[in-house]
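Colleague: Checked TrEMBL, it gives:
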REGION    1-28  region 'Disordered'
COMPBIAS  16-28  compositional bias 'Polar residues'
TRANSMEM  42-66  transmembrane segment
TRANSMEM  78-97  transmembrane segment
TRANSMEM  103-128  transmembrane segment
TRANSMEM  149-172  transmembrane segment
TRANSMEM  192-211  transmembrane segment
TRANSMEM  218-237  transmembrane segment
TRANSMEM  345-368  transmembrane segment
TRANSMEM  380-400  transmembrane segment
TRANSMEM  461-483  transmembrane segment
TRANSMEM  503-524  transmembrane segment
TRANSMEM  544-565  transmembrane segment
TRANSMEM  634-658  transmembrane segment
């Protein structure tokens, strides 16, 4: 799949860590051919084992902390967010350690052992009564807190599990790419690699979580131990077949050298002559190449150019660097500038992960208070509800890759979206999921209060947990857009020297997002009473509305950064105007029958409905005449209009979907017996009409 191919490319770039000479040396020394498809079952088996183990203990961790360690629900969610942050930060640390010191095989081996030890400690907390507090009713003030020893063993197991999972599983992608010479073979390997991760995650989030909830925690953790052990054994058994990479040093060291050299030479006057700047050294031929091969320092962030200025004693007679922390190549300086330019876009994705992290943990807490039956007898575990995100992400990546993209290319000959547009759609869907989450929680709280459950901790609210599915589906679809879009963008825009770590930048975003989510939740708890131990007496819906505001501000920040950002390479805009065909279908769908909708669903008199219809169409034509002549960017202007239109249609759909957003039906339309619209209902309706009109008319 193309989306997965985008995921694979950054890692595939890492195979440069094994040169052709190293490959030949390893083959001649061992007498056997190393690398290739013979390594596939060992590496894939390791991925499956580590993923089943890691997801097996983490997917249902919130429930375990609440039920077995008497930890308050919000505190349990905070702990899980911190752990998710650690799990996503360790791939970055693992990549640096792998490149700089030990190589992939050693890092994966040690990480797998650490992961196994962590899972064993968690299994001990489940099997030994002395390692967990006595059980009590959830939410009760009489519950005994865990002792220091119990907390030590628990946190020790969680820490080891995070280090092992984060440090090993993702480094396998690097090592897997190193086993193949052909890009086609690398592509096939990565397709199966990501397929194995998704399948393993689904197995853990369903089967193992079900066993933990309905059989025993000990057996569930025991299966995680077995999976981890099998994965470790398979990995070690394949050692004689692997091509082993050698550490070549971290590219981040070069960036640090640029900063240090700039500070040291901060008082030097910049030169206008290209000869005064140090170029790449190549077998003693540095600075002797032709002028066409030399890189001219760019004027952006020109103060950094001082790092490449040559001074006495910086360069040896053969042209190599004598003082690495006093002079750098022009290319290294330009690499740092590239990272600085892309940083604002990169930072906008941190808040995207923040809202997703909060929503994921809080959704599990909601599911614990709801009726989780599917049919008369089957009741799914609360921890399994997040599998909806995995399934929807997988399905929509496939749909986008196999259906939408080929169809669009066939019709228009151009690309469906740019990377920034993909990320932007992910932002919009993420915001929409927060809106749906707030509305569903409002409904849940209303039912809880109607049944007087606000003072009954642990009681089940008579509302099906399937109400939570739509918001999770939206999160999953959003990830199908923004996650591949980010990977492709960073691979395309990152310097060549850092392409092998562009995937790690995604993990860093997710990790920082989870850490920031804990900070936001702590702040909300300090200044409000929205998140008590008993969700039925709180205002979780207000938390979601707060996330809507945060997501909206972050999306606006992303749009500004996108409009200001210039691609390093030329973007094929294709025939983006063809998108208006779909936009026209959407616009005609809501506008052509608007008068009937206003009369029948909003109890608006026919003449008033006709007037509103005329105003809406007036807006469309006004924006059409004002915006079209002043379009400055076909990509981003059209994209922003599509977003406005999508927002408007979502608002209109909500007025049709939710009874609370429209007045009660009235058979005597136009009479005083019909209930008038509330301010909230009018606000949502008119906001939807305004945004949809702007989007459709401008495009």
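Positions of Cβ are set from backbone N, Cα and C atoms, glycine also.
Tell me about the surroundings of these features in the structure.
Modeller: Listed by sequence, the residues of this chain that lie at least six past the ends of the transmembrane segment (149-172) yet keep a Cβ under 8 A from its Cβ atoms are 43, 46-47, 50-51, 53-54, 57-58, 61, 69, 79, 83, 86-91, 93-95, 97-98, 104, 107-108, 110-122, 124-125, 131-133, 193, 197, 503-504, 507.
Taking Cβ pairs closer than 8 Å, the transmembrane segment (192-211) reaches residues 4, 7-8, 40, 43-44, 47-48, 51-52, 54-56, 59-60, 169, 172-173, 176, 219-220, 223-224, 380-381, 383-384, 386-387, 390-391, 394 in its own chain, all 6 or more past its ends.
Within the same chain, residues 7, 10-11, 74, 77-78, 81-82, 84-89, 91-92, 95, 166, 170, 173, 346, 349-358, 361, 483, 486-487, 490, 494, 530-531, 543, 546, 550 sit at least 6 positions outside the transmembrane segment (503-524) and bring their C-beta atoms closer than 8 Å to a C-beta of that stretch.
Long-range Cβ contacts of the transmembrane segment (544-565) within its own chain (Cβ-Cβ under 8 Å, at least 6 residues beyond either end) map to 341-342, 344-345, 348, 351-352, 354-355, 358-359, 362, 420, 423-424, 427-428, 430-431, 434-435, 437-438, 441, 520, 524, 633, 636, 640, 643.
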Colleague: With contact taken as 3 or more Cβ pairs under 8 angstroms (pairs 6 or more apart in sequence), are the transmembrane segment (461-483) and the transmembrane segment (218-237) in contact?
Modeller: no
Colleague: Under a Cβ pair cut-off of under 8 Å, which of the recorded stretches 78-97, 103-128, 218-237, 345-368, 380-400 contacts the transmembrane segment (42-66) most often?
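Modeller: It is 218-237, which has the most Cβ pairs under 8 Å.
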Colleague: Same chain, outside the transmembrane segment (78-97) by at least 6, Cβ under 8 Å from its Cβ: which residues?
Modeller: 54, 58, 61-62, 65, 71, 107, 111, 158-159, 162-163, 165-168, 170-171, 174, 250, 252, 357-358, 361, 500-501, 503-505, 507-508, 510-515, 517-518, 521-522
Colleague: Same-chain Cβ contacts of the transmembrane segment (103-128) under 8 Å, 6 or more residues past its ends?
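Modeller: Long-range Cβ neighbours of the transmembrane segment (103-128): 46, 50, 53-54, 57, 64, 68-69, 94, 97, 150, 153-154, 156-169, 171-172, 174-175, 178, 216-218, 220-222, 224-225, 228-229, 231-232, 235-236, 239, 242, 244-247.
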Colleague: Who are the long-range neighbours of the transmembrane segment (380-400) in its own chain, taking Cβ under 8 Å and residues 6 or more past its ends?
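Modeller: Residues 1, 3-4, 59-63, 198, 201-202, 205-206, 209-210, 212-214, 360, 363-364, 367-368, 372, 374, 416, 465, 468-469, 472-473, 475-477, 479-481, 483-484 contact the transmembrane segment (380-400) from elsewhere in the chain.
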